[in-house]
């Protein structure tokens, strides 16, 4: 265990090839995410942008450090320290990515703040003790290092389970509240609504299964494979989150509408359901529904709220206005 943490491990040829494949794939995925982020966001600021950058930087650094630690067999404190910092940025940063777009499906500030409190609390309760234990594993006298390493191993198992529960909880909120709070819009975009439902459910399942894989590696004492596979696992999760949140925001903006003539009292429907459910429930939408004299529903664009803009997800009408 001590040699694994410090990186001074004798590896077979197959083990070295597996570690190299996992780390280089993680590096490639991180570079791909950088390209996606910088080509998608036209305004590079805000919580969503910076949380993506921090989380992806953690993935990138962790993957590079894995190569140095285990293939170059550095056995020094510097690569291990970078791995620890990258792990903190990678894990908590990804939860902040989800939290920064939670307002798309949750319209209670209390709930949103509560999720942020959970993220901050877990970061303090898990990252800080892990860092202290890691320092003691390196700084303690040789005769005491074995005891600190055992404590570090136990706390690492606890932390990976807690972070899995945290991410599962947040993605579960997206899946449940997305289906519940966006239900009024399903009447107008039936096909797209089904896709969004599948996207949210897929986000929940993919995040849970990938985290479960890391837990299995951790509890079967495959420390090296668990460590080197983290960048790849978290890069996959970050790509999935990036794609799903993009599609979710495009759906809530309702740039187009599949509305048809309503035979059953369109005026009552538009003043009742649309005024109470769509306008009040789906806060932050950039389209408003109005009823024409003929009884047809039409979409009237409103001014976009800055906190609901996903840079790069313009509708066609918005693009034409910007080109003028």
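Just so you know, glycine gets a Cβ as well, placed from its N, Cα and C.
As annotated by TrEMBL, domain 'DUF7703' applies to 7-260.
Annotation comment: TrEMBL describes 16-37 (among others) as transmembrane segment.
The transmembrane segment annotation in TrEMBL covers 49-71 (among others). Counting only same-chain residues 6+ beyond the ends of the transmembrane segment (49-71), those with a CB under 8 A from a CB of the stretch are 7, 9, 11, 16, 19-20, 22-24, 26-27, 29-31, 33-34, 37, 41, 43, 79-80, 82-83, 85-91, 93-94, 96-97, 99-100, 224, 227-228, 230-232, 234-235, 238, 242, 311.
Beyond the transmembrane segment (77-99), the same-chain residues lying 6 or more positions past its ends with a Cβ under 8 Å from any Cβ of the stretch are 5-7, 47-48, 51-52, 54-62, 65-66, 68-69, 112, 115-116, 119, 122-123, 127, 130-131, 134, 138, 163, 166-167, 170-171, 174, 227, 230-231, 234, 237-238, 241-242, 245. Annotated transmembrane segment per TrEMBL: 77-99 (among others), in sequence order.
Under the heading transmembrane segment, TrEMBL lists 111-134 (among others).
According to TrEMBL, the feature transmembrane segment maps to 154-175 (among others). Note on the transmembrane segment (154-175): residues 91, 94-95, 98-99, 102, 105-106, 111, 115, 118-119, 122, 125-126, 129-130, 133, 200-201, 203-204, 207-208, 211-212, 214-215, 218-219, 237, 244, 248 of its chain, located 6 or more positions outside it, place their CB under 8 angstroms from a CB of the stretch.
Per TrEMBL, transmembrane segment is recorded for 196-217 (among others).
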